[in-house]
Amino acid sequence: MARLSEPSPYVEFDRTQWRALRMSTPLKLTEDELKKLRGLGEKLDLLEVEEVYLPLARLIHLQVAARQRLFAATSEFLGEPQQNPDRPVPFIIGVAGSVAVGKSTTARVLQALLARWGNHARVDLVTTDGFLYPNAELGRRNIMHRKGFPESYDRRALMRFVTAVKSGADYACAPVYSHLLYDIVPGEKQVIRHPDILILEGLNVLQTGPALMVSDLFDFSVYVDARLEDIEGWYISRFLTMRSTAFADPASHFHHYATLTDEQAVFAARDIWHSINRPNLIENILPTRPRATLVLRKDADHAINRLRLRKL
């Protein structure tokens, strides 16, 4: 652990220090399973899972148990019946970070690892993309160009959803977003029923405000971080690759990008980055980083080599 010259709410680790905290936590993920979890352009391997994600999964596992003891103590104080061990209060994890930084991969890997623990096997993952306003509503509000910014989300609906899950509702429904259509899928819902753990992944999940926010319901949060220049490079690289994958589908909203030359594609990607994604990152996403329980810092090669844990 890093020695800090002044008192700080954070503890900083390099990868060697962090991996020692894995203790004897077993790796129950195969290479084939990891391939299905890895995002486009990601270079995550089993070694990084062992050295970075297993210690993180162990930390969360310990915090889940501690949180349940805290809920039990509160119930005892209030004279309420002890909670049903088969229906514990769901543990909510937020995963935040920029477009193209790899937060979706982080969320999927955490889901896979945490679900392999017997006492919290029900782990659900929901992305906040489903809580974007439909394109028609964004157009009505004249904020289509601000898609992904905080005002483009139905934050009340998101708050109702997470509150329902946390409160033990029989089920809670999240809208479904299609990246192919670049819009909400009408009538389609993701139904969440009594999870032990809910992972909520999205750009703005750590946002604060004068009223109760979804981040106030988190028990743990992760911010995936990197240099702005590196994230821009990853975004452009992913855009180039998608010309022959997602964009190639005639049904894709972005099918018109599929035939761009490399030079044209780089120009288009850089324009989108500097007009939308970079401003959103600087104005709205990056300022929430200090609120995260854990910051995962990536180097230019995507490898996580530095971590910062909030201890207070």
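For all residues, glycine too, the Cβ spot is worked out from N, Cα and C.
Contacts of VAL99 (ATP binding site) defined by a Cβ separation under 8 A and a same-chain sequence distance of 6+ are given as GLY148, LEU203, ILE231, TYR235, ASN277, ASN280, LEU281, in order along the sequence. The feature ATP binding site is assigned by Swiss-Prot to GLY97, SER98, VAL99, ALA100, VAL101, GLY102, LYS103, SER104.
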Site with most surrounding Cβ atoms, counting all protein chains shown within 10 Å, from the binding-site residues SER98, SER104: SER98
GLY97, SER98, VAL99, ALA100, VAL101, GLY102, LYS103, SER104 excluded, remaining Cβ within 8 Å of their centroid (ATP): VAL224, ILE231
Residue, out of the binding-site residues GLY97, GLY102, whose Cβ gathers the largest set of other Cβ atoms within 10 Å: GLY97
